[in-house]
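Q: Below is a structure I'd like to ask you about.
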Amino acid sequence: MINIRKTHPLMKIVNNAFIDLPAPSNISSWWNFGSLLGICLILQILTGLFLAMHYTPDTTTAFSSVTHICRDVNYGWIIRYMHANGASMFFICLFMHVGRGLYYGSYTFLETWNIGVILLFATMATAFMGYVLPWGQMSFWGATVITNLLSAIPYIGTNLVEWIWGGFSVDKATLTRFFAFHFIFPFIIAALAMVHLLFLHETGSNNPTGIPSDTDKIPFHPYYTIKDILGAILLILTLMLLVLFTPDLLGDPDNYTPANPLNTPPHIKPEWYFLFAYAILRSIPNKLGGVLALVLSILVLVIMPLLHTSKQRSMMFRPISQCMFWILVADLLTLTWIGGQPVEHPYIIIGQLASIMYFLIILVMMPVASIIENNLLKW
């Protein structure tokens, strides 16, 4: 008798995606982050759901409702901190996942890659709106500063900002709509992630060598299920270490002060995972120019397939490109550091140089390095 998992309409889908899926035999731990992102998303949806049961999206009570969750709700503190630090783990996995795609040339799967970029934008938007909800000082001023950037759009900018705010400043209407969007977006992300997976399974996974692996495939279960479980254990361990020992390590102390429109904090900055983009935004003295650079810093991922000039897909056998890649990583770390510093000398010039380097490495140095490597192959 044929196995039910291969015939049942629903189980067949799960079977083809997670059990009998043919997978390359040599994919490394860098391929674990997809499943870890799935776990992060499920964790965020669950903790978020329980937080939403006790949260009130109103300017007068939002801050107190978060305090109430932490003090009075059974295990509310752990749910709140798992949600806040879960976002950090989510972005760590996201950056690793995108970095893996860049290093091993996974962006040649165009549909999968482009949906991935949309997922990145959607996740960043969701995290930004979530940061506004506790209605602390940094929530309010972060929302004010970032939404205000849209006013740089010529002609429609000011009207657009007031439309998003639902008034003439960040207020009740803004908080309510941000809560609504923050609640619905993770489900849209989950749907997009399934489409992401659908397109990936059309082509099959890439592997570290970048060479087609059709001749050497192994079943996903048990080999990669057990590998994913190990990754999941390490993820949850790291998350719980953060939550239980240093829950406020990655947060901003200013957010423990209720939002006050009359008092601006000395240093307005977003959560750590946006600092690199924030540094690029601040490094350009012109408002519209800064906004464009901010958007392009992420949107540049879309043109990665066009910038691929190498004859090889992966960077595994390309030492010059490897150097460029790790310089880019160092540059992003530098930008992250600068984004958290005040706007003064020497941070301004470091930020400007790091921003120029970022675009220079991606748009010029990496394609040139690939061409040099192509020519070296002829020798």
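Count begins at 1; order follows the chain as displayed.
Glycine is no exception: its Cβ is also placed from the backbone N, Cα and C atoms.
Remember, it's a predicted structure, so these values are computed and weren't measured experimentally.
So Swiss-Prot lists these for the protein:
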BINDING   H83, H182  heme b b562 binding site
BINDING   H97, H196  heme b b566 binding site
BINDING   H201  ubiquinone binding site
TRANSMEM  33-53  transmembrane segment
TRANSMEM  77-98  transmembrane segment
TRANSMEM  113-133  transmembrane segment
TRANSMEM  178-198  transmembrane segment
TRANSMEM  226-246  transmembrane segment
TRANSMEM  288-308  transmembrane segment
TRANSMEM  320-340  transmembrane segment
TRANSMEM  347-367  transmembrane segment
Q: For the transmembrane segment (288-308), give me same-chain residues lying six or more residues beyond its boundaries with a C-beta closer than 8 angstroms to one of its C-beta atoms, as numbers and ranges.
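A: Same-chain contacts beyond the ends: 98, 102, 105, 107-108, 110, 113-114, 117, 120-121, 124, 149-150, 152-154, 276-278, 280-282, 355, 358-359, 362-363, 366-367, 370.
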Q: Can you work out which residues elsewhere in the same chain, 6+ from the ends of the transmembrane segment (178-198), have a Cβ less than 8 Å from its Cβ atoms?
A: 17, 37-38, 41, 44-45, 48, 52, 55, 57, 112, 115-116, 118-119, 122-123, 125-126, 129-130, 132-133, 143
Q: Fewest neighbouring Cβ atoms within 10 Å: which of the binding-site residues H83, H97, H196, H201?
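A: With the binding-site residues H83, H97, H196, H201, fewest surrounding Cβ atoms within 10 Å: H201.
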Q: Which of the binding-site residues H83, H97, H182 has its Cα closest in space to the Cα of H201 (ubiquinone binding site)?
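A: That would be H97, nearest by Cα distance.
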Q: Which listed range (33-53, 113-133, 226-246, 320-340) shows the maximal number of Cβ pairs under 8 Å with respect to the transmembrane segment (77-98)?
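A: Ranking 33-53, 113-133, 226-246, 320-340 by Cβ pairs under 8 Å to the transmembrane segment (77-98) puts 33-53 first.
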Q: Select the range from 33-53, 113-133, 320-340 that forms the most Cβ-Cβ pairs under 8 Å with the transmembrane segment (226-246).
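A: Counting Cβ pairs under 8 Å, the winner is 33-53.
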Q: List the residues of the same chain that sit at least 6 positions away from H182 (heme b b562 binding site) in sequence and have their Cβ under 8 Å from its Cβ, in sequence order, or write 'none'.
A: G48, T126, M129, G130, L133
Q: Which whole-number value in Å describes the distance between the Cα atoms of H97 (heme b b566 binding site) and H83 (heme b b562 binding site)?
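A: Cα-Cα, rounded: 20 Å.
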Q: Between H196 (heme b b566 binding site) and H83 (heme b b562 binding site), what C-alpha distance do you get in Å?
A: 24
